[in-house]
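Below you'll find the structure, written out as structure tokens, and then a few comments.
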Amino acid sequence: MINKNTSLRMQSIVFIGFMGVGKTTIGQKVAQKLYRDFVDIDREIEKEFNMPTTEIFKTFGEKVFREKEKSMIDSFSKQQLKIISVGGGAFLQEDIRNICLSNCIVFYLDLSWDYWKERIGLLIDSRPVLQSRTLEEIEELFYTRQEIYSYHHSKVNTNDLDVDEVADFIVDSLKVAWDIYEPLK
Ligand code: S3P
């Protein structure tokens, strides 16, 4: 479902995956290596509301957050040469999945539960979706969410890799794809 109107080399790259898998950190690193601008959709939403995500959820509710998430992603994914990190719940919306898959190259950052659960303490304060859930409920959410991440163009398992290794893998695989499908003359 890749957009045939924009050259593959120009298409923006979108990172998806569960909260805290490293979409922002890895996205920033890939942006640096490819000399592209990085966009974190959550930060863009926070800038617009002028408050952190937890406050947006509390004050306006999740529905308002999700609507803003969709319009932000719609606008950024149609721009070229961006590296975009979207929130872990964005792909719940079919419209967002379709927008991203048809305009961008979508990478799924896959981290196993046993590795992910070690990070929970670092995430809980800033992730409203995790708050007021037990560990068992979070685990259930983690596994239920895997279905929405199955919509991607490419997947990287990051369990035993550091940020640079993941970013290098992504950049190398992009370069291979660009050379195969759009060789430089
Ligand atoms: C959410 C993930 C968060 C943020 C919001 C909701 C989710 O983004 O969009 O708190 O529903 O999974 P990260 O995946 O960047 O943590």
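Every residue, even glycine, has its Cβ placed from backbone N, Cα and C.
What TrEMBL records for Gly20, Val21, Gly22, Lys23, Thr24, Thr25, Arg127 is ATP binding site. In the three-state DSSP scheme, Arg127 (ATP binding site) falls into the coil class. Neighbour count (other Cβ atoms within 10 Å of the Cβ, all protein chains): 21 for Arg127 (ATP binding site).
In three-state terms derived from DSSP, Thr24 (ATP binding site) belongs to a helical segment. As annotated by TrEMBL, Mg(2+) binding site applies to Thr24.
Counting only same-chain residues at least 6 apart in sequence, those with a Cβ under 8 Å from the Cβ of Arg145 (substrate binding site) are Phe18, Gly88, Gly89. According to DSSP, Arg145 (substrate binding site) is assigned to a helical segment. Residues annotated as substrate binding site in TrEMBL: Asp42, Arg66, Gly88, Arg145.
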Within 10 A of the CB of Asp42 (substrate binding site), the number of other CB atoms across every chain shown is 23
As a check: which entries in Gly22, Gly88, Arg127, the binding-site residues, place their Cβ less than 6 Å from an atom of ligand 1? Gly88, Arg127
Tell me, if you would, which residue among Gly20, Gly22, Gly88 (binding-site residues) has the fewest other CB atoms within 10 Å in the structure shown? Gly20
Measure between the Cα atoms of every pair in Asp42, Arg66, Gly88, Arg145, the residues the record assigns to substrate, and report the largest value in Å, rounded to a whole number. 18
